[in-house]
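Some notes on the structure that comes next.
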Amino acid sequence: MLEEDAAGPDQLGPNDLDRQIEIAMRCELICETQVKSICAKVREILIEEANVQVIDTPVTICGDIHGQFHDLMELFRVGGSPPNTNYLFLGDYVDRGYNSVETFILLMLLKCRYPDRITLIRGNHESRQITQVYGFYDECVRKYGSGQVWKHCTEIFDYLSLAAVIDGKLFCVHGGLSPSIATLDQIRVLDRKIEVPHEGPMCDLLWSDPEEGCSGWGISPRGAGYLFGGDAAELFCENNDFLRICRAHQLVMEGYKLHFRKRVVTVWSAPNYCYRCGNVAAIMEVTEENIDSDPVFEVFEAATVENRGEPKKQPIAQYFL
């Protein structure tokens, strides 16, 4: 069912947003005209945000979602519904899952309604090129009959921040570190309002991975970003007075993983990834009381079949016949 009501960004007041959020929470499609208005509204908010967002505790950190809408609902059930819980999402909202459209629209609506309680930063899948390969573009065309919604959403990707810092102690990013970046100031001066480059510091922040046994920097098997070792993580934390680096980007079967004597934490929030990996997911809960201690996680499983619903079977593409 398509929700047909439409309003411009200036007309999207709290009551309008509440109504749209209620619709979006049911995993119902919102019409293209309304999506355009939502994108315009969230753009007005994101354009004012810095490359590095400053966040206060308490906040709950979420890793990759990848269009698994019903598992996002499970995440909210476990972690608390907005605005009762403050959330920092580390990117990769779309691709691979069945409901990338509904997932990203809901997160944009929540950002519009609660801009100080929802923080969205960019992942490597918030990219025009990547989403044309891994599902988001095709899903938009299938559900809306054209690529216009994809175009509106990918324009918003360019405005997402690149990193966040919690209480001046935790550095949060989608992927990892860059040999080109020693201090936060070097992130602050980047021009982020572009398509994700194939190389360079912005690319590295979204694509890099920690690697045990790596000294300094290594070549990434992903073909973008770098592998970075514990020494690189230690130096970055020392240079910027950080306790820890929090990132997502890698599937972790247990939902989270501690690297380099807890200097780096991976958080993964898509349970049973791609509906077949069998992993659990996690969120990381950060408070003023626990930020200096070991990380605190809530682990959760995929939504049940009853709560998930099944995607409609699509016609088989001709090249498979």
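Glycine is treated like the rest: Cβ placed from N, Cα and C.
H66 (Mn(2+) 1 binding site): 27 other CB atoms within 10 A of its CB, across all protein chains. Among the features that Swiss-Prot reports, Mn(2+) 1 binding site is placed at D64, H66, D92, with the record citing similarity to another entry.
Annotated Mn(2+) 2 binding site per Swiss-Prot: D92, N124, H174, H249, in sequence order. Around H174 (Mn(2+) 2 binding site), the same-chain residues six or more apart in sequence whose CB sits under 8 Å from its CB are L90, G91, D92, I121, R122, G123, N124, L205, L206, R247, A248, H249, listed in sequence order. Secondary structure from DSSP puts H174 (Mn(2+) 2 binding site) in coil.
The active site, proton donor annotation in Swiss-Prot covers H125. DSSP assigns H125 (active site, proton donor) to coil, not to a helix or a strand.
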Cβ packing number for H125 (active site, proton donor), 10 Å threshold: 27
8 Å Cβ shell about D64, H66, D92 centroid, Mn(2+) 1 site members excluded: G63, I65, G67, G91, Y93, V94, D95, R96, G123, H125, A248, S269, A270
Protein Cβ atoms within 10 Å of D92 (Mn(2+) 1 binding site), excluding its own: 26
Other C-beta atoms that fall within 10 angstroms of the C-beta of H249 (Mn(2+) 2 binding site): 27
Those residues of the chain, 6+ apart, with a Cβ under 8 Å from that of D64 (Mn(2+) 1 binding site): L90, G91, D92, G123, A248, H249, W268, S269, A270
Separation of alpha carbons, H125 (active site, proton donor) and H66 (Mn(2+) 1 binding site) (Å): 9
